[in-house]
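Encoded as structure tokens, the structure appears first; notes follow it.
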Amino acid sequence: MRVAWTSDQVRALEEPLLAAGVPLMERASFALAVHVAGVLRERRGRVGGARAVVLAGGGNNGGDALHAGALLAGRGVEVWAVTTSARVHAAGLAAVRAAGGRVVTVADPEGPDVRRVPVDEAAALAARADVVLDGVLGIGARGGGVGGVAGALVSAVGALPDRPFVVAVDVPSGIGVDDGTRSGPVLDADLTVTFGAAKPGLLLPPAARSVGRVEVVDIGLGGLPEGARPHVVRLEVPDAAALWPVPVAASHKYTRGVVGVVAGTRSYPGAAVLATTAAVRSGAGMVRYLGDVGETVVAHRPEVVVGPGRVQSWVFGPGVSPDDAGQRRRIEFAFEGVLQRGEAAVVDAGALELLPRHVGPHVVLTPHAGELARLLTRLGADVDRAGVEAEPLRWARLAHERTGATVLLKGGVTVVAGRGGAAYAQADAPAWLATAGAGDVLAGILGALLAGRVDDLHDDASLVAALAATAALVHGRAAHRANPGGPVDAAAVADALPGTIADLLREAGTLAP
Ligand SMILES: NC(=O)C1=CN([C@@H]2O[C@H](COP(=O)(O)OP(=O)(O)OC[C@H]3O[C@@H](n4cnc5c(N)ncnc54)[C@H](O)[C@@H]3O)[C@@H](O)[C@H]2O)[C@@H](O)CC1
Ligand SMILES: Nc1ncnc2c1ncn2[C@@H]1O[C@H](COP(=O)(O)OP(=O)(O)O)[C@@H](O)[C@H]1O
Ligand SMILES: [K+]
């Protein structure tokens, strides 16, 4: 599990340690230098003789970068520090100089001993580097992107035609550290070396697209205090495996969970096939289908039972248009069971327009950004698709607050907002998964998961958000497995589910090999 702490949470953990004289910056900069040396070795075979440019802002983030630069200079790297502020971390600057590094500035220099260079010249230095360390801004960044001459430098380095390898120190400078927003120039990183724990902006879109590979370095901050919740979580294989319902010898199809799927119409029969197939292939005990295309469904999935009956979870909406009277009636009727008997439900596509006024967190909405914008607009918020894409967690949370439902917002990074402030950001899928019908498959996976864990949902409402994140993880991994490195179709993703789930459980040691 990868957890993200906010800047305030990090500062609260740092404060007593710094007061006690714990050398946090030494630890951070040492680990940073080790990672940069690793990059140099991997890319050039050796560390000595490489050229590194350190971009250093006026705070401790610049201090980390300068100290790391000094360590690299000590290993034979030609180091140039470019400072973006008149005052920078004094000890870091002295260390760079003492180790033989050279220093220039793009800011107004305070003393005569730093040569001022134009932004273009500093960017040209970066262009010739094997690696650039971005220590312009860390968790002390105020909103609105990188300002002043530092912003001009970040833009100029980012626009270089032959971009050097960029290592972000703690976070890529310019991202919204706590909310993942991007509102000005950001220096996209190839690698982010972050201290203590990930920060929300490293996991949340759109900033998460700027972070490259993320390495979390333990600098001894310990953990969050009792009862404090990480701001955002990203589940990994062992977490998903631990949440996946695995049958035992005494299980039968009803204890494993029955999924009722109300999907597809005569115009869109494929959605019914994909959603039911995904539910079957995710290990539901039984899948029932309600709708007008039962024959097509059974032709593809003979295991599916057509017609009403008891279910533990529902999948509403793939391929359903709300003006289809039959499906509309079935969904509205089934929602009564959801509200009265506590059956879980996945509400997708056309069914989002049929959502009752208020539901519980055992109902999971699965909109993409456009659908969430439409839903929120109906609920009185002023937001369009671009607005949702700019701040996905904020809007997913608002939808949770206004509807009571758990909200899974689909996208390149899938964001989940649920009860008790639960927030997940999953980036498991190849971009090839952005294909028609992929959402129907996700709905089926989640339906099977909810049916299998329905008894636990009502004891722990925040579990639903974790299950939604698990569904996104399995969906993404199934897409990778369906055709590694190439295009996938939704049916192939559904077909890859049994193997994906078996691998997941094996990898986590939940199943014997
Ligand atoms: N407190 C500590 O001793 C430790 C801090 N650490 C490092 O220190 C960083 C935090 O350091 P700071 O709190 O000094 O803050 P930063 O270094 O992130 O930024 C503060 C500086 O940036 C300027 N600034 C803020 N917003 C700006 C904007 N939008 N545009 C342009 N300039 C802006 C401020 O005026 C100030 O000079 C962490 O990210 C981490 O890299 C680590 O070394 C671990 C220990
Ligand atoms: N750039 C991307 N990278 C990875 N996955 C993506 C990307 N864009 C969309 N997806 C995923 O693809 C699926 C598309 O679902 P959806 O928009 O509902 O399509 P449909 O309605 O045609 O099934 C979602 O699971 C979403 O998270
Ligand atoms: K940085």
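Placement of Cβ uses the backbone N, Cα and C atoms for every residue, glycine included.
What you see is a predicted model, and the numbers here were worked out from it, not measured in a lab.
Going through D130, D134, D218 against TrEMBL, the one listed in the K(+) site together with N61, S173 turns out to be D134.
The candidate list G380, G387, G439 contains one residue that TrEMBL assigns to the AMP site with K410, G411, G412, V413, T414, namely G439. Note: the AMP site is recorded as K410, G411, G412, V413, T414, G439; in the same chain, H368, L409, V415, A429, A472 also have Cβ atoms within 8 Å of that site's Cβ centroid. Closeness to ligand 2 is met by none of the binding-site residues N60, N61, G62, D134, S173, V413, no Cβ falling under 6 Å from the molecule. Filtering N60, N61, A271 by Cβ distance to ligand 3 (under 6 A) retains the following binding-site residues: N61.
In this structure, the C-alpha atom of D64 ((6S)-NADPHX binding site) lies 10 angstrom from that of D134 (K(+) binding site). Ligand 1 lies under 6 Å from the Cβ of the following binding-site residues, listed in sequence order from N60, N61, D64, G412, V413, T414: N60, N61, D64.
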